[in-house]
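Trainee: Pasting the relevant annotations from TrEMBL:
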- 76-89, 282-294: NAD(+) binding site (BINDING)
- 96, 106, 134, 224: substrate binding site (BINDING)
- 224, 248, 252: Mg(2+) binding site (BINDING)
- 4-353: domain 'Isopropylmalate dehydrogenase-like' (DOMAIN)
- 141: site 'Important for catalysis' (SITE)
- 192: site 'Important for catalysis' (SITE)
Ligand code: NAI
Ligand code: MG
């Protein structure tokens with residue numbers, strides 16, 4: 001059956017890294033007879049420039065009709081001065097919420113070849129393989145009311161709202177427990193229940209869901225302690241489940257355990273495992289257009305797409321293997337560069353993965 005994939009390169013380094021992910025996807029398509037058909041459209045700043053909005057209705061319709069979406073990254077100083085509702089990041093938030101992609105899986109795996117690329121001691125991070133499950137369509141990034149206003153005394157004030165409903169918490173908690181069941185049956189729920197009402201409900205509902213998963217060892221941790229523990233002893237974790245903003249921050253932090261944010265893929269799934277796949281990083285305006293960005297996070301996102309949405313385990317494994325082989329060859333983009341390795345650009349890295357995949 002033909003699988004329709006909508007490709008949204010976005011802006012900044014998005015188009016550069018996406019070109020390399022598409023190379024890998026096309027080879028996997030041939031080699032494993034995946035029957036994928038690719039469609040391309042704009043999101044974020046690229047969409048603002050093209051359509052005047054960061055997510056056009058026709059693009060959203062295409063995303064709904066597709067079997068999966070592959071996204072690069074969006075955002076950048078070029079669009080910093082436009083009105084907030086039209087900023088590139090708004091397009092990203094809108095597509096996530098419109099497609100109800102509430103379950104964001106962010107694996108942080110240290111490739112053994114990159115042990116020296118991490119800023120942490122090898123014994124702290126070696127063998128690291130954790131999964132952060134981030135709630136993606138609720139919480140403070142979406143909460144209403146949000147407002148910026150001028151007080152009577154002339155002072156500017158702004159506020160956001162952090163709401164979570166029981167059903168939102170329950171469905172993401174289930175994703176966390178389900179992931180724990182197919183991994184090491186250990187789940188840490190991260191919140192700020194000592195201060196926030198939304199976190200108190202979070203903890204309560206997670207405890208309720210836990211009753212259906214007696215085999216899973218559940219713990220709770222405050223987010224500030226979790227930030228500390230991730231750096232002190234990250235291997236104590238297996239699956240972490242947390243809210244939208246905490247997950248955003250903790251997964252960037254976890255990325256540095258793996259050497260670079262350029263290594264972290266992600267899957268954002270709805271209740272039917274239909275999904276959008278994207279690297280965890282942003283559009284990296286500081287290096288955009290230079291051909292030096294690491295495309296591996298996006299290539300690994302293709303692997304997650306084949307695994308989670310299309311159940312093509314062999315092709316998904318092959319892409320991961322190809323990435324590992326290229327790291328064995330000593331090829332490194334600047335962000336993961338270390339002594340004795342060969343520095344390559346985005347396209348050379350992508351070509352190397354494509355050829356490793358071809359020759360598997
Ligand atoms: P960022 O993730 O774009 O960059 C942070 C740092 O990591 C930069 O030094 C960058 O050069 C580096 N980096 C990121 N990806 C890399 C890669 N593949 N290879 C090598 N180095 C890489 O985060 P930042 O700078 O906070 O945000 C830049 C823009 O991206 C902002 O407009 C932000 O809103 C947007 N953003 C978009 C996201 C998305 O599209 N999913 C996620 C995060 C931020
Ligand atoms: Mg982020």
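Backbone N, Cα and C atoms are what each Cβ position is placed from, and that goes for glycine too.
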Trainee: To the nearest Å, how far is the Cα of residue 80 (NAD(+) binding site) from the Cα of residue 141 (site 'Important for catalysis')?
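Mentor: Rounded to a whole number, the Cα-Cα distance is 18 Å.
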Trainee: Which ones in the same chain are close to residue 88 (NAD(+) binding site), with CB under 8 Å and 6+ residues apart in sequence?
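Mentor: Those within reach of residue 88 (NAD(+) binding site), by Cβ under 8 Å and sequence separation of 6 or more, are 10, 11, 43, 44, 45, 47, 48, 54, 74, 75, 76, 79, 283.
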Trainee: What is the pLDDT of the domain 'Isopropylmalate dehydrogenase-like' (4-353) when averaged and given as a whole number?
Mentor: 96
Trainee: How far is it from residue 252 (Mg(2+) binding site) to residue 96 (substrate binding site), counting Cα to Cα, in Å?
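Mentor: So the alpha carbons of residue 252 (Mg(2+) binding site) and residue 96 (substrate binding site) sit roughly 19 Å from each other.
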Trainee: In whole Å, how far is residue 224 (substrate binding site) from residue 284 (NAD(+) binding site) when you measure between their Cα atoms?
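Mentor: If we compare the Cα positions of residue 284 (NAD(+) binding site) and residue 224 (substrate binding site), the gap is 26 Å.
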Trainee: Would you list, in sequence order, the binding-site residues among 84, 96, 224, 288 whose CA lies within 10 Å of the CA of residue 141 (site 'Important for catalysis')?
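Mentor: So the list reads none.
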Trainee: If you count Cβ atoms within 10 Å of the Cβ of residue 288 (NAD(+) binding site), leaving out that atom itself, what do you get?
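Mentor: Neighbour count, Cβ to Cβ under the 10 Å cut-off: 19.
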Trainee: What does DSSP say about residue 80 (NAD(+) binding site): helix, strand or coil?
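Mentor: Assignment for residue 80 (NAD(+) binding site) reads coil.
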Trainee: What subset of the binding-site residues 84, 134, 224, 292 lies within 10 angstroms of residue 192 (site 'Important for catalysis'), using C-alpha positions?
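Mentor: For residue 192 (site 'Important for catalysis'), the binding-site residues whose Cα atoms are within 10 Å come to 224.
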